[in-house]
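Colleague: According to TrEMBL, the record shows the following:
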BINDING   R210, 235-236, 249-253, 266-273, N287  FAD binding site
DOMAIN    5-189  domain 'Electron transfer flavoprotein alpha/beta-subunit N-terminal'
Amino acid sequence: MSQTILIIAEHRNGEVRQVTFEAITAAQIVDASSINVVAIGHKLETVVETLSNYELDTIFTIDDQSLSHYIPEAYAHALGEVLEECQPTGIICGHTAIGRDLAPMLAATLDAGLISDATSIECVEEHIVITRPIYAGKAFEKKIFHQSPWVLTIRPNNVSASTLKGNVAQVKNISFKKPPSLQSTIIDIVQKTTGKIDLAEAKIVIAGGRGVKSAEGFKPLEQLADVLNGAVGASRGACDANYCDYSLQIGQTGKVVTPDLYIACGISGAIQHVAGMSQSRIIVAINKDPDAPIFSIADYGIVGDLFEIVPLLTEEFRKVMKEEA
């Protein structure tokens with residue numbers, strides 16, 4: 001299958017986002033004959049240096065001060081110049097805020113098919129088969145690209161990130177011709193000051209379910225997360241009960257996480273939640289119910305009251321951290 005793939009790199013403060021490496025894996029799965037990446041922004045030297053370590057054919061860069069921050073029309077215009085140069089048969093990007101914005105624009109520009117929010121990708125008899133959730137995650141459907149070009153967005157943390165090292169990629173700088181007018185402009189950027197770790201990229205996640213019982217019940221989990229330098233997450237049940245914000249939701253209709261350590265507190269283990277955390281390296285379950293489904297996938301299980309167990313864990317981890325310091 002001869003495919004020329006163009007991947008849209010996502011980066012922040014010079015750091016390439018994990019979903020970009022996952023997109024490289026997706027391109028390798030379809031056995032692309034040419035895998036290329038485009039990075040848009042300003043001062044891209046560190047981004048290019050990182051991408052150069054991976055098995056790519058060409059790294060396209062569009063470096064301009066006016067592209068320092070994401071503006072939909074400007075980025076779409078910039079990508080148009082790369083499309084002419086690369087002539088891709090397929091485009092892959094993350095199903096992120098930027099990816100969800102750009103993908104339909106690119107599909108319209110190329111008159112291409114678009115499949116979004118892919119959770120897996122495979123080749124079956126030379127067809128690219130995409131699996132994606134439907135009906136709020138209650139079912140999955142399989143779709144096939146019948147012709148090129150096509151555009152695909154992949155859900156973060158569902159495809160293994162590429163670790164392959166290979167040939168030194170050619171770097172091509174594309175000059176940016178600023179469009180005469182833009183419909184939107186950035187007035188101000190307000191940075192988060194919470195200092196909290198991004199849930200989707202956290203190495204340690206402490207998650208709470210309905211067993212937490214209230215918004216107040218999340219405080220012991222937050223204390224444990226602070227000690228372990230981790231992030232707090234939640235099941236859909238906890239979010240529906242207004243114990244926490246939906247931005248913390250983990251599962252088919254929320255974020256997918258793959259931390260080194262996942263501690264599930266008061267979570268029964270519904271299949272929708274498990275789909276969002278089952279690839280965690282080590283899973284610890286804390287639940288009063290010894291028959292809770294979460295124990296079937298846990299590496300370690302603790303049957304008991306989370307309000308007694310979590311503070312004990314916090315104290316013990318605090319002691320260990322002090323000793324190591």
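Using N, Cα and C of the backbone, Cβ positions are placed for all residues, glycine too.
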Colleague: Can you give me the average pLDDT across the domain 'Electron transfer flavoprotein alpha/beta-subunit N-terminal' (5-189), rounded to a whole number?
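Modeller: Taking every residue of the domain 'Electron transfer flavoprotein alpha/beta-subunit N-terminal' (5-189) together, the mean pLDDT is 89.
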Colleague: DSSP three-state call for Q249 (FAD binding site): helix, strand or coil?
Modeller: strand
Colleague: Is it possible to get the count of other C-beta atoms within 10 angstroms of the C-beta of H273 (FAD binding site)?
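Modeller: Its Cβ shell of radius 10 Å holds 29 other Cβ atoms.
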Colleague: I267 (FAD binding site) has how many other Cβ neighbours within 10 Å of its own Cβ?
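Modeller: There are 30 such Cβ atoms around I267 (FAD binding site).
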Colleague: Going by DSSP, is I267 (FAD binding site) sitting in a helix, a strand, or coil?
Modeller: coil
